[in-house]
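Listed features, source TrEMBL:
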TRANSMEM  6-26  transmembrane segment
TRANSMEM  64-83  transmembrane segment
TRANSMEM  119-140  transmembrane segment
DOMAIN    158-265  domain '3-oxo-5-alpha-steroid 4-dehydrogenase C-terminal'
TRANSMEM  160-177  transmembrane segment
TRANSMEM  189-206  transmembrane segment
TRANSMEM  212-236  transmembrane segment
Amino acid sequence: MALMKFLFPPSLFVTATSLASFTLMATSGLSELRGKNLEYSKFFNIGSKASDVEKSKLKLPSRIAMATLYTPAFLAGVSSFAIFPDENLRFLLLKSTISIHFFKRVLESCFLHKYSGEMGLDTMIVILSSYFISSALVIFNQHLTVGLPEPLIDLTNPGILLFSIGISGNFYHHYLLSKLRSQGPNKEYKIPKGGLFGFVICPHYLFEVLVFWGFAFISQTLFSFAYAMGTTFYFLGRSSATRKWYLSKFEDFPMNVKAMIPFLF
């Protein structure tokens, strides 16, 4: 099979966790496409009666919730240096990139992003669990490759390149979004401009997807590829829902601006 030229041979455990990860993430993306959105950011309280939400939901300020949900994944990356200290360069790169990405997201949540709402505790737990479990499994499945023959085609260097482009582009567009809402106490949404915002409404999602494909190329395990593919499907769904939200809120929203992939989607 041609795909196996790029991957470490998967065990039954790796295959099972890969299938579960892809299915859960892809299903979440399909739910976003169908309008059943995770309730954070623009979609907090959408589709719910305010009185019901106030009575039944535990809520946290968005800044606290967002910083919290990325922290366990960051700790999984950092702790892996102690748990698996004597591994090869590929594993070292994977642990480093996972730690760097989620540490960046924690810092952005604390100091860069401008928040105006809240997040339900249930939503925070769902996202926190997804990032933490998936990151831990990426790392553990990489540990299982120790002693196995290397893939015929080495994707480590392309993976480093993808990760570098992804994390830089993700930060840049997060910075543009923060500047858009930084003037004065009024933090209403506006149509983003600059960077790739002239082509897609969610370039930050596009670049975050590149980060996860960077993980996959560095790792070259079936699980990391399944996780990257599932994450791609999720962000495609979320970006489509975001584009529909902007279309519903702004009459002057440019119709040529796609959701996540320039000119295509």
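For all residues, glycine too, the Cβ spot is worked out from N, Cα and C.
Scored by C-beta pairs under 8 angstroms, the transmembrane segment (160-177) has its highest count with 189-206, from the stretches 64-83, 119-140, 189-206. Per-residue pLDDT, averaged along the domain '3-oxo-5-alpha-steroid 4-dehydrogenase C-terminal' (158-265), amounts to 94 for this model. A Cβ distance under 8 Å defines the sequence-distant neighbours of the transmembrane segment (189-206), meaning residues of its chain 6+ beyond its ends; these are 42, 169-170, 172-174, 176-177, 180-181, 235, 238-239, 242-243, 246, 249-250, 252-254, 257-263.
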